[in-house]
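Asker: Pasting a structure below so you can have a look.
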Amino acid sequence: METKQSIPLLMPYKMGPFNLSHRVVLAPLTRSRSYGNIPQPNAKLYYTQRTTPGGLLISESCVVSETSLGYPDLPGLWNRDQVEAWKPIVDAVHSKGGIFFCQIWHGGRVFHQDQPNGEAPVSSTDKPLMCKNMYGGQFKPPRRLRSDELPAIVNDFRIAARNAIEAGFDGVEVHGAHGYLIDQFLKDKVNDRSDQYGGSLENRCRFALEVIEAVVNEIGSDRVGIRLSPFADYMESGDSNPEALGLYLVQAMNKHGMESSTVTWLNLE
């Protein structure tokens, strides 16, 4: 009969500075229960029910700005009320011995509700999604971001990471996967730009690497994870050569001093 010590999932693991008692992780799960984009008190029960001593939890996606919501009633980390609302939730997870990372995210053209002031969602492209949104309707055509707008979005990720640490989280996971904004720059079946953020692998990866670098510089590499999905085509985000894309990203992070020994984890799907 197998013992706990012989089951890899149940064995301890050192993840950067964090000592995990096992390798079962709560994945980030969208809940759409944060009314007004503020996490509600019921989130404390939700997360503590899933906490074990030394276990790793990754929060539901937290949006980095009011123009990045994607889905309705998602929690944010761009203002003071949101930071304060997260604090008792994170404290409750820590009181049970959990290690809690916050996933920070921008939906880009995957936007299921109206933007502030009725503006179009933003993306690497102006190509609309052809699939249906969660309400059975059509996605609104996105507005192609100008290159001079991208530093502000990079800064939104940086501020969200800083706010996550202030709220008490142990670190953040940058969501660069599944057809959302960062992935919309990475994948050549979405990104049709001809500037320094499109075309070559180097150019298509530029925005992702700028985000990662800004977040690492803000909170430290041992508090940062990155989720990537070079092989997935969710939300019409396929790539013609996913192996080359994934390899380039890993090598580029290594070149920037962001290899697996400095970024807490790299989740490739």
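A Cβ is built for glycine as well, from the same backbone N, Cα and C atoms used for every other residue.
From a predicted model like this one, the values you see are computed outputs, not experimental measurements.
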Asker: Using only what Swiss-Prot says about FMN binding by P28, L29, T30, R227, identify which of Q82, Q103, Q113, Q184 is listed for that site too.
Answerer: Q103
Asker: Need this for a regression test: binding-site residues P28, L29, T30, R227, filtered to those with Cα within 10 Å of G176 (substrate binding site). What's left?
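Answerer: R227, listed in sequence order.
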Asker: Other residues with Cβ within 8 Å of the Cβ centroid of H175, G176, A177, H178 at the substrate site?
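Answerer: The answer, listed by sequence position, is W105, V174, G179, Y180, I182, D183, R227, L228, S229.
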Asker: To the nearest whole angstrom, what is the C-alpha distance linking P28 (FMN binding site) and H175 (substrate binding site)?
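Answerer: Between the Cα atoms of P28 (FMN binding site) and H175 (substrate binding site), the distance comes to 10 Å.
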Asker: List, in sequence order, the same-chain residues at least six positions removed whose CB sits under 8 Å from that of Y180 (active site, proton donor)?
Answerer: G70, W105, H106, G107, G108, V110, M235
